[in-house]
Amino acid sequence: MYLIADWRRTHYSEEVIPEMDGQEVILMGWVHSIRALGKLAFVILRDREGTIQAVVPKQKVDEETFAIAKKLGKEDIIAIRGKVVANEKAPKGFEVIPIEIRVLNKADAPLPLDPSEKVAAEIDTRLDKRFLDIRRPKIQAIFKIRSEMLRSIRKTFADGGFVEVNTPKLVASATEGGTELFPISYFEKEAFLGQSPQLYKQMMMAGGFDKVFEIAQIFRAEEHNTRRHLNEAISIDTEMSFVNEKDAMAMLEKVVYNCYADIEYNRPQEIELLELNWEIPEKTFDKITYTEAIDIANAKGVEIEWGEDLSRAAERAVGDEMGGLYFITEWPTQTRPFYTLPHKHDNKVCKAFDLMYKELEISSGAQRVHKYDLLVENISNMGMNPDSFETYLEAFKFGMPPHAGWGLGADRFAMVLTAQDNIRECVLFPRDRQRLTP
């Protein structure tokens with residue numbers, strides 16, 4: 001085996017084209033497949049961008065190079081220095097004839113998982129051997145689209161004058177008063193893993209930042225075992241001052257629309273590889289009220305009372321009717337957290353919204369309460385002690401502007417963009433009730 005020494009990759013596989021006929025290149029990656037046929041060997045090298053064929057004819061290479069090629073195993077790490085030779089019969093209109101092959105590392109055999117995708121594996125097996133699973137081109141395509149999604153979102157926020165922030169993930173109490181928190185030992189105290197940056201986002205509005213966003217982990221100790229829930233997730237959160245819930249919804253529409261447009265422009269190969277039925281949405285999404293959603297569900301035989309949260313059956317009924325991306329607005333105040341602003345004309349209804357894709361909720365937001373007295377009243381009415389929120393409430397005593405915001409589930413949005421039916425497909429190392437490794 002060789003060290004990398006003075007060799008450096010000159011091209012990824014997708015950068016080599018027939019017009020480079022006669023040019024010398026250095027390629028590095030994994031042995032995707034190997035076929036040795038007497039005096040001829042075919043080596044398919046795979047790197048991050050795809051695959052490329054190296055043809056090793058015994059009469060055109062030295063003895064050592066041919067001997068190395070014949071002994072290669074699947075998933076060995078290799079480097080090839082060779083010449084591009086145009087050939088209309090080759091898969092991409094060219095092949096590479098090696099001048100030298102270096103084996104940088106050997107892979108054990110048999111492989112516990114087949115990255116070539118010729119042998120199917122259950123998702124639990126794939127997640128157990130995730131380092132091999134993510135070598136698969138289709139899996140890499142999912143995460144390249146996810147990466148472009150995050151890049152696009154950051155750019156949209158930056159172009160809009162937002163400040164990126166980082167809030168604590170070790171907290172002293174529940175953000176929303178719930179009990180679904182992971183407790184941890186924090187020296188002599190009890191602490192929790194943060195379930196939301198919500199309170200900190202609002203405190204920054206009191207600090208005069210005007211517009212902030214954060215992309216970070218959240219933790220929920222919910223005992224779900226579904227295809228759409230995880231206990232550790234990435235949340236894309238924003239908060240804006242001197243706006244209402246309609247402005248927040250407009251910003252969310254812009255973020256989502258730009259993601260679709262940027263992915264279409266920058267990741268066409270991944271869209272094709274995943275065979276996605278890609279369609280950029282309209283710049284504004286359909287909107288229905290909670291009451292209208294209830295009516296749709298009831299009309300489809302799903303009984304739900306006004307004031308109840310939407311059940312899975314109700315979400316499916318509404319999703320079947322609406323399709324695509326749409327907002328549900330005007331939620332019952334009792335279904336929303338204490339910091340959600342009720343309507344002036346009817347305090348049973350609040351200025352909250354959910355962004356749905358078919359039956360899947362991908363974002364939730366609202367205009368927030370910015371008056372101290374109302375906030376204290378809401379906390380008390382929900383059976384919580386305002387003293388537990390002392391540092392948060394203090395920010396509302398000395399000049400808190402009207403504000404609104406939302407949180408968008410990055411993992412769920414990636415599910416939508418890549419048309420996956422299990423959220424675990426879109427997370428490198430998912431954490432759920434059963435899985436804490438790798």
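Indices start at 1 and increase along the chain as displayed.
Including glycine, each Cβ sits where the backbone N, Cα and C put it.
Annotation for SER364 (L-aspartate binding site): spatial neighbours ALA352, PHE353, ASP354, LEU355, TRP406, GLY407, criterion Cβ-Cβ under 8 Å with sequence separation of six or more. Feature annotation from Swiss-Prot assigns L-aspartate binding site to GLU176, ARG220, SER364, ARG368; the stated evidence is sequence analysis.
Within the same chain, the residues at least 6 positions away from ARG220 (L-aspartate binding site) whose Cβ sits under 8 Å from its Cβ are GLU180, GLN195, ASN231, ALA233, listed in sequence order. Residues or ranges marked as ATP binding site by Swiss-Prot: ARG220, ALA221, GLU222, ARG228, HIS229, LEU230, GLU361, GLY409, ALA410, ASP411, ARG412.
For GLU361 (ATP binding site), the same-chain residues lying six or more positions away in sequence with a CB closer than 8 A to its CB are GLU315, ASP354, LEU355, ARG412. Secondary structure at GLU361 (ATP binding site), taken from DSSP and collapsed to helix, strand or coil, is strand. Feature annotation from Swiss-Prot assigns Mg(2+) 3 binding site to GLU361; the stated evidence is sequence analysis.
Positions annotated as Mg(2+) 2 binding site by Swiss-Prot: GLU361, SER364.
Sequence-remote contacts of a segment are chain residues at least 6 beyond its ends whose Cβ falls under 8 Å from one of its Cβ atoms, and for the region 'Aspartate' (198-201) they are 165, 167-168, 175-176, 212, 214, 237-239, 337, 339, 389, 392, 405, 407. Per Swiss-Prot, the feature region 'Aspartate' maps to 198-201.
Per Swiss-Prot, the feature site 'Important for tRNA non-discrimination' maps to PRO91. In the three-state DSSP assignment, the secondary structure recorded for PRO91 (site 'Important for tRNA non-discrimination') is coil.
Comparing Cβ neighbour counts within 10 Å across the binding-site residues HIS229, ARG368, ARG412, the minimum falls on HIS229.
Listed in sequence order, ARG146, MET149, LEU150, ILE215, ALA233, ILE234, SER235, ILE236 are the same-chain residues six or more apart from ALA410 (ATP binding site) with CB atoms under 8 A from its CB. In sequence order, GLU180, HIS229, ASN231 are the residues of the chain that are 6 or more apart from GLU222 (ATP binding site) and have a CB within less than 8 Å of its CB. Long-range Cβ neighbours of PRO91 (site 'Important for tRNA non-discrimination') (same chain, at least 6 residues apart, Cβ-Cβ under 8 Å): GLN53. DSSP assignment over the region 'Aspartate' (198-201) gives 4 helix, 0 strand, 0 coil.
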